[in-house]
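Before any comments, here is the structure.
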Amino acid sequence: MMPRTIIEKIWDQHVIKKGEGKPDLLYIDLHLIHEVTSPQAFEGLRQKNRKVRRPQNTFATMDHNIPTVNRFEIKDDVAKRQVSALERNCEEFGIRLADLSSVDQGIVHVIGPELGLTLPGKTIVCGDSHTSTHGAFGALAFGIGTSEVEHVLSTQTLWQQKPKTLEIRVDGKLQKGVTAKDVILAIIGKYGVKFGAGYVIEYTGEVFRNMSMDERMTVCNMSIEAGARAGLIAPDETTFEYVKTKKYAPKGEDFEKAVEEWKNLKTDPGAVYDRTIVMDGSAISPMVTWGINPGMVLPVDETIPGPEAFLQEDDKKEAQRAYEYMGLEPYKKIEDITIEHVFIGSCTNSRMTDLRQAAEMIKGQKVADGVRAIVVPGSQSVKIQAEKEGLHKIFIEAGFEWRESGCSMCLSMNNDVVPEGERCASTSNRNFEGRQGKGARTHLVSPAMAAMAAIHGRFVDVRKYYQETTAV
(Lines of atoms letter the chains of each structure in order from A and count residues from 1; the text may use other names and numbers.)
(Lines give C-alpha, C1' and ligand atoms only; values in the text may rest on other atoms or scores of the structure.)
Protein backbone atom coordinates (compact mmCIF):
# COMPACT_ATOMS: atom_id res chain seq x y z
CA MET A 1 0.00 0.00 0.00
CA MET A 2 1.15 3.52 -0.79
CA PRO A 3 2.28 5.63 2.20
CA ARG A 4 -0.67 7.62 3.56
CA THR A 5 -1.20 10.66 5.75
CA ILE A 6 -3.19 10.30 8.97
CA ILE A 7 -5.99 12.22 7.26
CA GLU A 8 -6.18 9.64 4.47
CA LYS A 9 -6.03 6.75 6.95
CA ILE A 10 -9.00 7.97 8.98
CA TRP A 11 -10.95 8.81 5.83
CA ASP A 12 -10.33 5.40 4.26
CA GLN A 13 -11.36 3.60 7.47
CA HIS A 14 -14.75 5.33 7.40
CA VAL A 15 -15.72 5.14 3.72
CA ILE A 16 -18.87 3.04 3.29
CA LYS A 17 -19.24 3.79 -0.39
CA LYS A 18 -16.78 5.51 -2.72
CA GLY A 19 -18.28 8.25 -4.82
CA GLU A 20 -16.19 7.64 -7.98
CA GLY A 21 -15.60 11.31 -8.79
CA LYS A 22 -18.36 12.38 -6.43
CA PRO A 23 -18.47 12.66 -2.61
CA ASP A 24 -17.83 9.51 -0.56
CA LEU A 25 -20.32 8.15 1.96
CA LEU A 26 -18.67 8.30 5.40
CA TYR A 27 -19.65 6.57 8.61
CA ILE A 28 -19.86 9.02 11.53
CA ASP A 29 -18.63 7.77 14.91
CA LEU A 30 -19.80 10.64 17.10
CA HIS A 31 -22.48 13.26 16.61
CA LEU A 32 -22.55 16.18 19.05
CA ILE A 33 -25.62 18.40 19.12
CA HIS A 34 -26.70 21.61 20.86
CA GLU A 35 -29.83 23.73 21.16
CA VAL A 36 -29.35 26.08 18.19
CA THR A 37 -28.80 23.92 15.10
CA SER A 38 -30.77 20.80 16.08
CA PRO A 39 -34.49 21.73 16.45
CA GLN A 40 -35.23 21.81 12.70
CA ALA A 41 -33.37 18.51 12.23
CA PHE A 42 -35.54 16.73 14.80
CA GLU A 43 -38.66 18.24 13.27
CA GLY A 44 -37.54 16.80 9.93
CA LEU A 45 -37.29 13.34 11.51
CA ARG A 46 -40.85 13.63 12.84
CA GLN A 47 -42.23 14.73 9.49
CA LYS A 48 -40.60 11.73 7.79
CA ASN A 49 -41.49 9.37 10.66
CA ARG A 50 -37.84 8.43 11.21
CA LYS A 51 -35.91 7.45 14.32
CA VAL A 52 -32.38 8.38 15.33
CA ARG A 53 -30.26 5.63 13.78
CA ARG A 54 -27.73 5.31 16.61
CA PRO A 55 -28.73 7.37 19.65
CA GLN A 56 -25.79 5.93 21.60
CA ASN A 57 -23.46 7.72 19.15
CA THR A 58 -25.13 11.08 19.79
CA PHE A 59 -24.56 13.41 22.74
CA ALA A 60 -26.29 16.71 23.47
CA THR A 61 -25.81 19.79 25.60
CA MET A 62 -27.00 23.38 25.66
CA ASP A 63 -24.35 26.08 25.40
CA HIS A 64 -24.84 28.81 22.78
CA ASN A 65 -27.67 30.96 24.07
CA ILE A 66 -27.88 30.10 27.77
CA PRO A 67 -27.23 32.71 30.48
CA THR A 68 -23.97 32.49 32.41
CA VAL A 69 -25.59 34.30 35.35
CA ASN A 70 -28.84 32.92 36.82
CA ARG A 71 -28.60 30.17 34.23
CA PHE A 72 -32.10 28.79 34.80
CA GLU A 73 -33.70 32.19 34.12
CA ILE A 74 -33.68 32.33 30.32
CA LYS A 75 -35.43 35.57 29.39
CA ASP A 76 -35.16 35.46 25.60
CA ASP A 77 -38.18 33.62 24.16
CA VAL A 78 -36.28 32.08 21.23
CA ALA A 79 -33.51 30.81 23.50
CA LYS A 80 -36.04 29.42 25.96
CA ARG A 81 -37.86 27.55 23.18
CA GLN A 82 -34.60 26.13 21.80
CA VAL A 83 -33.48 24.82 25.20
CA SER A 84 -36.92 23.30 25.87
CA ALA A 85 -36.94 21.73 22.40
CA LEU A 86 -33.56 20.09 22.98
CA GLU A 87 -34.75 18.60 26.28
CA ARG A 88 -37.92 17.30 24.64
CA ASN A 89 -36.13 15.95 21.56
CA CYS A 90 -33.48 14.12 23.56
CA GLU A 91 -36.12 12.49 25.74
CA GLU A 92 -38.25 11.46 22.77
CA PHE A 93 -35.37 10.07 20.69
CA GLY A 94 -33.34 8.51 23.52
CA ILE A 95 -30.28 10.77 23.34
CA ARG A 96 -27.94 11.50 26.25
CA LEU A 97 -28.22 15.13 27.36
CA ALA A 98 -26.01 17.17 29.67
CA ASP A 99 -28.61 19.77 30.65
CA LEU A 100 -28.25 22.91 32.74
CA SER A 101 -28.39 20.97 36.01
CA SER A 102 -25.73 18.44 34.96
CA VAL A 103 -22.08 18.54 36.07
CA ASP A 104 -21.29 17.38 32.51
CA GLN A 105 -22.80 20.51 30.90
CA GLY A 106 -20.59 22.92 29.04
CA ILE A 107 -19.56 24.17 25.63
CA VAL A 108 -19.95 21.20 23.31
CA HIS A 109 -16.31 21.35 22.14
CA VAL A 110 -15.07 21.41 25.72
CA ILE A 111 -17.18 18.58 27.14
CA GLY A 112 -16.63 16.13 24.25
CA PRO A 113 -12.93 15.74 25.07
CA GLU A 114 -13.24 15.99 28.86
CA LEU A 115 -15.88 13.24 28.93
CA GLY A 116 -13.83 10.92 26.73
CA LEU A 117 -16.38 11.01 23.91
CA THR A 118 -13.71 12.47 21.65
CA LEU A 119 -11.17 9.76 20.82
CA PRO A 120 -8.35 9.27 18.27
CA GLY A 121 -9.36 8.01 14.86
CA LYS A 122 -13.02 8.94 15.17
CA THR A 123 -15.09 10.85 12.67
CA ILE A 124 -16.91 13.56 14.62
CA VAL A 125 -19.51 16.07 13.46
CA CYS A 126 -21.57 18.81 15.05
CA GLY A 127 -23.78 21.61 13.78
CA ASP A 128 -21.06 24.11 14.67
CA SER A 129 -18.08 25.25 12.62
CA HIS A 130 -15.56 24.87 15.45
CA THR A 131 -16.01 21.11 15.62
CA SER A 132 -12.44 21.03 14.29
CA THR A 133 -11.39 21.42 17.96
CA HIS A 134 -11.69 17.65 18.41
CA GLY A 135 -8.99 17.12 15.79
CA ALA A 136 -6.46 17.73 18.57
CA PHE A 137 -6.96 14.06 19.46
CA GLY A 138 -6.17 12.75 16.00
CA ALA A 139 -9.85 12.68 15.04
CA LEU A 140 -11.38 13.86 11.77
CA ALA A 141 -13.85 16.43 13.08
CA PHE A 142 -15.80 19.05 11.15
CA GLY A 143 -18.89 21.22 11.34
CA ILE A 144 -22.08 20.51 9.42
CA GLY A 145 -25.32 22.34 8.57
CA THR A 146 -28.78 21.65 9.95
CA SER A 147 -29.88 19.50 6.98
CA GLU A 148 -26.74 17.41 7.48
CA VAL A 149 -27.51 17.17 11.21
CA GLU A 150 -30.81 15.54 10.23
CA HIS A 151 -29.03 13.22 7.78
CA VAL A 152 -26.57 12.02 10.44
CA LEU A 153 -29.33 11.57 13.02
CA SER A 154 -31.30 9.37 10.65
CA THR A 155 -28.46 7.43 8.96
CA GLN A 156 -25.24 7.86 11.01
CA THR A 157 -23.58 8.68 7.67
CA LEU A 158 -22.69 11.71 5.58
CA TRP A 159 -21.74 12.34 1.96
CA GLN A 160 -18.43 14.22 1.91
CA GLN A 161 -15.92 15.28 -0.72
CA LYS A 162 -12.47 13.92 0.10
CA PRO A 163 -10.31 16.89 1.14
CA LYS A 164 -6.81 17.81 0.10
CA THR A 165 -4.08 17.48 2.73
CA LEU A 166 -2.07 20.38 4.15
CA GLU A 167 0.86 19.99 6.54
CA ILE A 168 1.72 22.94 8.77
CA ARG A 169 5.03 22.23 10.47
CA VAL A 170 6.23 24.54 13.24
CA ASP A 171 9.56 23.76 14.89
CA GLY A 172 11.69 25.65 17.39
CA LYS A 173 11.02 26.76 20.95
CA LEU A 174 8.29 29.29 21.75
CA GLN A 175 9.30 32.39 23.69
CA LYS A 176 8.04 32.66 27.26
CA GLY A 177 4.58 34.21 27.10
CA VAL A 178 3.84 32.98 23.57
CA THR A 179 0.93 30.54 23.57
CA ALA A 180 -0.99 28.18 21.31
CA LYS A 181 -3.40 31.03 20.52
CA ASP A 182 -0.49 33.15 19.30
CA VAL A 183 0.78 30.29 17.14
CA ILE A 184 -2.49 29.81 15.27
CA LEU A 185 -3.05 33.57 14.96
CA ALA A 186 0.48 33.96 13.56
CA ILE A 187 -0.23 31.23 10.98
CA ILE A 188 -3.48 32.89 9.91
CA GLY A 189 -1.82 36.31 9.90
CA LYS A 190 0.92 35.13 7.57
CA TYR A 191 -1.14 33.05 5.15
CA GLY A 192 -4.62 34.59 5.38
CA VAL A 193 -8.14 33.42 6.13
CA LYS A 194 -8.61 31.50 2.86
CA PHE A 195 -5.37 29.55 2.39
CA GLY A 196 -6.81 26.40 3.98
CA ALA A 197 -9.89 26.21 1.73
CA GLY A 198 -10.46 22.66 0.51
CA TYR A 199 -7.88 21.20 2.90
CA VAL A 200 -7.74 19.32 6.16
CA ILE A 201 -4.66 20.48 8.06
CA GLU A 202 -2.25 18.25 9.94
CA TYR A 203 -0.17 20.22 12.44
CA THR A 204 3.29 18.72 12.87
CA GLY A 205 6.60 19.68 14.42
CA GLU A 206 8.21 20.33 17.77
CA VAL A 207 5.94 23.19 18.82
CA PHE A 208 2.74 21.14 18.61
CA ARG A 209 4.36 18.04 20.13
CA ASN A 210 5.30 20.10 23.19
CA MET A 211 1.76 21.41 23.66
CA SER A 212 -0.72 20.11 26.22
CA MET A 213 -4.06 18.77 24.97
CA ASP A 214 -5.77 22.03 25.98
CA GLU A 215 -3.29 23.96 23.84
CA ARG A 216 -3.67 21.59 20.88
CA MET A 217 -7.43 22.10 21.05
CA THR A 218 -6.92 25.86 20.76
CA VAL A 219 -4.89 25.39 17.58
CA CYS A 220 -7.28 22.92 15.94
CA ASN A 221 -10.26 25.05 16.96
CA MET A 222 -9.09 27.93 14.76
CA SER A 223 -8.32 25.81 11.68
CA ILE A 224 -11.67 27.11 10.46
CA GLU A 225 -10.42 30.70 10.62
CA ALA A 226 -7.68 29.61 8.20
CA GLY A 227 -10.42 28.52 5.80
CA ALA A 228 -9.80 24.78 6.33
CA ARG A 229 -12.45 22.06 6.64
CA ALA A 230 -10.72 20.66 9.71
CA GLY A 231 -7.38 20.40 11.48
CA LEU A 232 -5.77 17.61 13.46
CA ILE A 233 -2.69 16.51 15.36
CA ALA A 234 -1.55 12.88 15.41
CA PRO A 235 -2.14 11.24 18.81
CA ASP A 236 0.82 10.51 21.09
CA GLU A 237 1.52 9.75 24.76
CA THR A 238 0.18 13.19 25.73
CA THR A 239 -3.12 12.26 24.06
CA PHE A 240 -3.32 8.80 25.62
CA GLU A 241 -2.57 10.10 29.11
CA TYR A 242 -5.30 12.73 28.78
CA VAL A 243 -7.92 10.25 27.54
CA LYS A 244 -7.10 7.45 29.99
CA THR A 245 -9.19 8.60 32.95
CA LYS A 246 -12.13 10.11 31.09
CA LYS A 247 -15.69 8.98 31.81
CA TYR A 248 -16.60 7.39 28.45
CA ALA A 249 -13.09 6.35 27.34
CA PRO A 250 -12.23 2.63 27.12
CA LYS A 251 -11.07 1.11 30.41
CA GLY A 252 -8.49 -1.51 31.42
CA GLU A 253 -7.60 -3.99 28.68
CA ASP A 254 -9.89 -2.24 26.22
CA PHE A 255 -7.93 0.97 26.71
CA GLU A 256 -4.58 -0.77 26.17
CA LYS A 257 -5.87 -2.36 22.96
CA ALA A 258 -7.21 0.99 21.79
CA VAL A 259 -3.84 2.65 22.41
CA GLU A 260 -2.10 0.05 20.26
CA GLU A 261 -4.49 0.90 17.43
CA TRP A 262 -4.18 4.64 18.01
CA LYS A 263 -0.40 4.43 17.72
CA ASN A 264 -0.89 3.62 14.02
CA LEU A 265 -2.70 6.92 13.51
CA LYS A 266 0.28 8.80 12.15
CA THR A 267 1.44 9.86 8.73
CA ASP A 268 3.61 7.22 7.06
CA PRO A 269 7.21 8.05 6.09
CA GLY A 270 7.16 9.03 2.43
CA ALA A 271 3.50 10.09 2.42
CA VAL A 272 2.97 13.19 0.30
CA TYR A 273 0.81 16.13 1.35
CA ASP A 274 -0.86 18.29 -1.27
CA ARG A 275 0.84 21.28 0.35
CA THR A 276 3.35 21.88 3.16
CA ILE A 277 4.01 25.08 5.11
CA VAL A 278 6.96 25.48 7.48
CA MET A 279 7.29 28.14 10.20
CA ASP A 280 9.80 28.95 12.92
CA GLY A 281 8.10 28.87 16.32
CA SER A 282 10.83 30.89 18.01
CA ALA A 283 9.99 33.88 15.79
CA ILE A 284 6.33 34.03 16.90
CA SER A 285 5.28 36.89 19.21
CA PRO A 286 2.17 37.49 21.35
CA MET A 287 -0.49 38.44 18.80
CA VAL A 288 -3.43 40.88 18.72
CA THR A 289 -6.02 41.22 15.95
CA TRP A 290 -6.70 44.81 14.94
CA GLY A 291 -9.29 44.45 12.16
CA ILE A 292 -12.46 42.62 11.19
CA ASN A 293 -11.18 39.13 10.40
CA PRO A 294 -8.61 36.92 12.17
CA GLY A 295 -6.06 37.49 9.40
CA MET A 296 -5.81 41.15 10.41
CA VAL A 297 -3.42 40.36 13.23
CA LEU A 298 -0.03 41.65 14.39
CA PRO A 299 2.60 41.10 17.06
CA VAL A 300 1.71 43.24 20.08
CA ASP A 301 4.84 45.38 19.68
CA GLU A 302 3.97 46.51 16.14
CA THR A 303 1.79 49.24 14.62
CA ILE A 304 -1.40 49.05 12.56
CA PRO A 305 -0.47 48.90 8.87
CA GLY A 306 -1.20 51.78 6.54
CA PRO A 307 -3.16 51.46 3.25
CA GLU A 308 0.09 51.03 1.28
CA ALA A 309 0.64 47.65 2.98
CA PHE A 310 -2.30 46.19 1.06
CA LEU A 311 -1.43 45.43 -2.56
CA GLN A 312 -4.78 44.14 -3.84
CA GLU A 313 -7.69 46.55 -4.31
CA ASP A 314 -10.09 44.29 -2.40
CA ASP A 315 -7.64 44.14 0.51
CA LYS A 316 -7.35 47.94 0.54
CA LYS A 317 -11.14 48.25 0.74
CA GLU A 318 -11.30 45.66 3.53
CA ALA A 319 -8.59 47.54 5.46
CA GLN A 320 -10.46 50.83 5.07
CA ARG A 321 -13.62 49.19 6.36
CA ALA A 322 -11.62 47.81 9.29
CA TYR A 323 -10.16 51.23 10.19
CA GLU A 324 -13.64 52.73 10.23
CA TYR A 325 -15.44 49.92 12.05
CA MET A 326 -12.73 49.44 14.66
CA GLY A 327 -12.25 53.18 15.20
CA LEU A 328 -8.51 52.92 14.61
CA GLU A 329 -6.02 54.99 12.62
CA PRO A 330 -3.21 53.53 10.50
CA TYR A 331 0.22 53.45 12.21
CA LYS A 332 -1.25 53.43 15.73
CA LYS A 333 0.75 51.26 18.12
CA ILE A 334 -1.09 48.13 19.26
CA GLU A 335 0.07 48.87 22.82
CA ASP A 336 -1.69 52.26 22.66
CA ILE A 337 -5.10 50.68 22.04
CA THR A 338 -7.30 50.96 25.14
CA ILE A 339 -10.14 48.55 25.94
CA GLU A 340 -13.37 48.61 27.97
CA HIS A 341 -14.09 44.86 28.14
CA VAL A 342 -12.20 41.61 28.64
CA PHE A 343 -13.67 38.19 27.90
CA ILE A 344 -11.82 35.03 28.90
CA GLY A 345 -13.78 32.03 27.65
CA SER A 346 -15.18 30.34 24.49
CA CYS A 347 -14.46 26.95 22.91
CA THR A 348 -11.03 28.33 21.99
CA ASN A 349 -9.70 29.32 25.42
CA SER A 350 -11.86 28.30 28.40
CA ARG A 351 -10.07 25.22 29.71
CA MET A 352 -7.93 24.76 32.81
CA THR A 353 -4.65 25.63 31.05
CA ASP A 354 -6.21 28.90 29.86
CA LEU A 355 -7.62 29.87 33.25
CA ARG A 356 -4.37 29.05 35.05
CA GLN A 357 -2.47 31.13 32.51
CA ALA A 358 -4.74 34.13 33.03
CA ALA A 359 -4.80 33.76 36.82
CA GLU A 360 -0.99 33.81 36.91
CA MET A 361 -1.02 37.23 35.24
CA ILE A 362 -3.57 38.85 37.55
CA LYS A 363 -2.71 37.39 40.95
CA GLY A 364 -2.48 40.28 43.40
CA GLN A 365 -3.50 42.81 40.72
CA LYS A 366 -6.70 44.77 40.09
CA VAL A 367 -8.76 45.26 36.94
CA ALA A 368 -8.19 48.77 35.58
CA ASP A 369 -10.80 51.47 36.18
CA GLY A 370 -13.40 51.54 33.42
CA VAL A 371 -12.81 47.91 32.39
CA ARG A 372 -15.41 45.17 32.77
CA ALA A 373 -13.80 41.73 32.80
CA ILE A 374 -15.54 38.35 32.83
CA VAL A 375 -14.27 34.78 33.04
CA VAL A 376 -16.54 32.03 31.71
CA PRO A 377 -15.32 28.45 32.26
CA GLY A 378 -15.89 26.18 29.27
CA SER A 379 -17.74 23.57 31.31
CA GLN A 380 -19.10 22.90 34.77
CA SER A 381 -16.23 20.45 35.19
CA VAL A 382 -13.69 23.21 34.44
CA LYS A 383 -15.53 25.53 36.84
CA ILE A 384 -15.44 22.94 39.65
CA GLN A 385 -11.74 22.21 39.11
CA ALA A 386 -10.86 25.91 38.93
CA GLU A 387 -12.67 26.52 42.20
CA LYS A 388 -10.85 23.58 43.80
CA GLU A 389 -7.58 25.28 42.83
CA GLY A 390 -8.80 28.65 44.12
CA LEU A 391 -8.57 30.34 40.72
CA HIS A 392 -12.02 31.89 41.10
CA LYS A 393 -10.83 33.75 44.19
CA ILE A 394 -7.90 35.21 42.26
CA PHE A 395 -10.23 36.43 39.51
CA ILE A 396 -12.90 37.79 41.87
CA GLU A 397 -10.38 39.57 44.11
CA ALA A 398 -8.90 41.22 41.01
CA GLY A 399 -12.35 42.48 39.97
CA PHE A 400 -13.35 39.89 37.36
CA GLU A 401 -16.86 38.43 37.19
CA TRP A 402 -16.81 34.64 37.68
CA ARG A 403 -19.54 32.96 35.62
CA GLU A 404 -21.26 29.64 34.91
CA SER A 405 -20.25 27.71 31.79
CA GLY A 406 -21.50 28.57 28.31
CA CYS A 407 -20.54 30.23 25.02
CA SER A 408 -21.21 33.65 26.55
CA MET A 409 -19.59 36.71 24.94
CA CYS A 410 -18.06 34.81 22.01
CA LEU A 411 -21.22 35.53 20.04
CA SER A 412 -24.17 37.84 20.61
CA MET A 413 -26.78 35.09 21.06
CA ASN A 414 -27.18 35.43 24.82
CA ASN A 415 -27.13 38.07 27.55
CA ASP A 416 -23.37 38.69 27.34
CA VAL A 417 -22.74 41.35 24.69
CA VAL A 418 -20.26 44.17 24.14
CA PRO A 419 -22.03 47.57 23.79
CA GLU A 420 -21.86 49.40 20.47
CA GLY A 421 -18.60 51.24 19.86
CA GLU A 422 -16.83 49.63 22.82
CA ARG A 423 -13.71 47.52 22.59
CA CYS A 424 -13.11 43.99 23.93
CA ALA A 425 -9.95 41.94 24.40
CA SER A 426 -11.38 38.49 23.76
CA THR A 427 -9.99 34.95 23.88
CA SER A 428 -12.60 33.77 21.37
CA ASN A 429 -12.02 32.90 17.71
CA ARG A 430 -13.83 35.48 15.57
CA ASN A 431 -13.56 39.25 15.33
CA PHE A 432 -16.13 39.81 12.59
CA GLU A 433 -18.28 42.94 12.59
CA GLY A 434 -21.10 42.54 15.12
CA ARG A 435 -19.83 39.20 16.40
CA GLN A 436 -19.94 40.25 20.08
CA GLY A 437 -22.82 42.67 19.63
CA LYS A 438 -23.94 45.37 17.20
CA GLY A 439 -21.00 47.73 16.64
CA ALA A 440 -18.79 45.82 19.10
CA ARG A 441 -15.05 46.00 18.43
CA THR A 442 -13.29 42.69 19.05
CA HIS A 443 -9.57 42.05 19.45
CA LEU A 444 -8.57 38.37 19.60
CA VAL A 445 -5.79 37.51 22.04
CA SER A 446 -4.51 34.73 24.30
CA PRO A 447 -5.77 34.37 27.89
CA ALA A 448 -2.49 35.81 29.20
CA MET A 449 -2.76 38.84 26.91
CA ALA A 450 -6.43 39.31 27.86
CA ALA A 451 -5.54 39.22 31.56
CA MET A 452 -2.78 41.81 31.08
CA ALA A 453 -5.17 44.04 29.12
CA ALA A 454 -7.68 43.84 31.99
CA ILE A 455 -5.07 45.05 34.48
CA HIS A 456 -3.63 47.86 32.34
CA GLY A 457 -6.73 48.91 30.39
CA ARG A 458 -4.77 48.53 27.15
CA PHE A 459 -2.72 45.92 25.32
CA VAL A 460 0.61 45.11 26.94
CA ASP A 461 3.31 42.70 25.75
CA VAL A 462 2.96 39.74 28.12
CA ARG A 463 6.66 38.97 27.65
CA LYS A 464 7.37 41.97 29.91
CA TYR A 465 5.70 40.11 32.78
CA TYR A 466 8.10 37.20 32.38
CA GLN A 467 11.09 39.53 32.07
CA GLU A 468 10.10 41.25 35.32
CA THR A 469 9.48 38.00 37.23
CA THR A 470 12.77 36.56 35.97
CA ALA A 471 14.60 39.71 37.09
CA VAL A 472 13.07 39.40 40.57
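Using the three backbone atoms N, Cα and C, a Cβ is placed for every residue, glycine included.
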Listed by Swiss-Prot with Cys407, Cys410 as binding [4Fe-4S] cluster, from among Cys220, Cys347, is Cys347
Residues sitting within 8 A of the centre of the Cys347, Cys407, Cys410 CB atoms ([4Fe-4S] cluster site), not counting those, run Asp63, His64, Ile107, His130, Gly345, Ser346, Thr348, Ser350, Gly406, Ser408, Leu411, Ser428, Asn429
Lowest 10 Å Cβ neighbour count of the binding-site residues Cys347, Cys407, Cys410 is held by Cys347
